Amino acid sequence: MFCVQCEQTIRTPVGNGCSYAQGMCGKTAETSDLQDLLVAVLQGLSAWALKARELDIIDHDVDNFAPRAFFSTLTNVNFDSQRIIGYAQEAITLRESLAVRCRLHDATATVDHPMAALQLAGNDIPTLLQQAADFALDSDKAIVGDDVHGLRMLNLYGLKGAAAYMEHAHVLGQYDDAIYAEYHAFMAWLGTQPSDVDTLLNNAMGIGKMNFNVMAILDRGETDAYGNPQPTAVNVRPIAGKAILISGHDLKDLRMLLEQTEGTGVNIYTHGEMLPAHGYPELKKFKHLAGNYGSGWQNQQTEFAKFPGAIVMTSNCIIDPNVGNYGDRIWTRSIVGWPGVNHLEGDDFSPVIEQAQSLAGFPYSEIEHMITVGFGRETLLSAADTVIDLVAQKKLRHVFLVGGCDGSREERSYFTDFTLNVPQDCLIMTLACGKYRFNKLDFGTLEGLPRLLDVGQCNDAYSAIILAVKLAEKLGCGVNDLPLSLVLSWFEQKAIVILLTLLSLGVKNIYTGPTAPGFLTDNLLAILNEKFGMRAITTVEQDMNTILAA
C-alpha cells in the first residue's frame, strides 16, 4: 500500500504516505492496492476513448462510467474491495467494446499506450493484489525523484477531484464533450508515467482550467433543476418525529428522497455538504426538510450513533460505521461503499423510509438555533454594487473567503480563531464543510449585510470566482487587486482541484492549511510560492496583519 492523497496521511522524517495494513482514513491496504489497479485500467480506457474520438466515435457509456469509477478512489468514498474489482472489470468490458467499434471503423486502429491492453490477472483478490503491486503509485519514485513523483500526484489527485465534479454534473444531466475529451487526454497521459517537470506543472494548471468548466456545468445543472439559491434560515436542532439523515453532495438524491417521504411523517435532515440544499427554492419548499444535523464529517461516528433514524450517504465522506454501531442504519448510494453496509440501487428509497419509520426518531423538539445559508451566485452578484459602495465609503475594508475541507487535526482550530479575529468592518464568505468550524457563531451584520455569507458546497467556489471577476470588472482592476483574500483548508482531492482551478485563473497569495499536501516537496512548495504567492498559514495574528497591511 502507498497512499498520500489526503491531509491526514502519515508523515515521518523518512517520507510521507500511508504504507501499512491500513491507512489513516480506514482504507485497508487491500482496497488501496486494488484502487491503484483500477486507476491503471481506467487510464487504458481513456487511451481508447481518445483513439475513438480521432475516428469520430463518442461512446457515452464510456464517458459516463470513467469519471464515476475514478471518483470511487477518492478519500472516504468506497472502501469495498469487491466493488472496486467490479469497476475494473466493467472498465475492461467497455474498453474492449470500444476497441471493436474502432476497428470496425478502421481495421488498423490501435493504441500505443502502456495500459491500453491491460487485463486483470484473475478474479480473486490474492491474484489481483499480486498484479496490483506493479501499479503502486510509488513504484518508480526512487528513479524519477520526489519532485516528479509529487507533481504526478498533484495531477492525479487534481484529476480525481475534477472527475468527482464531472459525476455530480452528469447526475444532473450535464454533459460537455470538450470536457470529457480533455479528461480522457489527461487520464491517458498520466498512464504514460510522465516525468518532465514543466509539462507536469503546465498540465496541472490545465486540469484546473478544465475543472472551472466542470464547475460551470455543475452550477448550471443545480440551478436549472432547483432554482438559484436564496438566503434561508436553517434550524440546526432536531424536532420531534421520525427521521432520515442524508449526507454527501447529491442534490438529486435529496430531491427524490423528499418526494418519496412527503406525507409519511418522516422528517429529512441534511448533513455535511448537503447543508446548502436548504437555499434552493425547489428543495426548501418541502415542509419536512426539517433542518441540518451534526457538524464536520470527521465527527460522524459520534453524531451518527446518536441519530435515531436511517442515514443515507450519497457521496464522500463515509468513515467506519461499525465504530459507532450504526452500520445497520446506514445506506450507501452510487459510488459510495463500505463492506457489509446496505447499498441502495435504483431510485426507490422505500427500504430507507421503512427503516426510518421503524426506528424511534427524535422524542422531542429542541430549542431552535437558526443559521443562514443560500448566498449563491445570483445573490452575490446582486450585492456587488452594494459591496463596491461600501468599499468606496471605507465602510468595508476587506473580504475574506475562509473555507474548504474540515478534518480532525487540532491545528484546524486556526480557521475558527481566524474568523473570530476578522475585524468588524470586514466580511467573511465561506463554502464547503470547513464552515462547520464557525458557521454556528454569530458574526452580526455590516451595513445590513450579514458578515458571514455561506456560498454553498465546495464546487460553489465557482460562484465566488464569478463574484470576484465581476467586482474586478466594475472596479477596473484585476482580481488580485481586490480587497479579497483566500484562506483555504484542504483535506482531499476536490480541494486540490479547486486550488488548481484558482491558480490556473491567476489567483495569487492564497493561504492554505492546516498542513501542506504530503506529496508536495519543499522544492515544489517553493515553486508554487514563487509563481503564485501560495503560502502556508502561520498564526492568526501574523497572517491577519500581513493580509490587512498589503
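Placement of Cβ uses the backbone N, Cα and C atoms for every residue, glycine included.
The structure displayed is predicted, hence computed values, not measured ones.
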Kindly point out which candidate in His249, His343, His369 is recorded by Swiss-Prot as part of the hybrid [4Fe-2O-2S] cluster site with Glu273, Cys317, Cys405, Cys433, Cys458, Glu492, Lys494.
His249
Rounded to the nearest angstrom, how far is the Cα of Cys433 (hybrid [4Fe-2O-2S] cluster binding site) from the Cα of Cys3 ([2Fe-2S] cluster binding site)?
23
Additional residues around hybrid [4Fe-2O-2S] cluster, ordered along the sequence, whose Cβ is within 8 Å of the centroid of His249, Glu273, Cys317, Cys405, Cys433, Cys458, Glu492, Lys494:
Gly272, Trp297, Asn316, Ala432, Gln457, Phe491, Ala495
Do you know which of the binding-site residues Glu273, Glu492 has the most other C-beta atoms within 10 angstroms of its C-beta?
Glu273
Using a 10 Å radius around its CB, how many other CB atoms surround Cys6 ([2Fe-2S] cluster binding site)?
25
Cys3, Cys6, Cys18, Cys25 excluded, remaining Cβ within 8 Å of their centroid ([2Fe-2S] cluster):
Val4, Gln5, Gln8, Thr9, Gly17, Gly23, Met24, Lys27, Ser32, Thr75
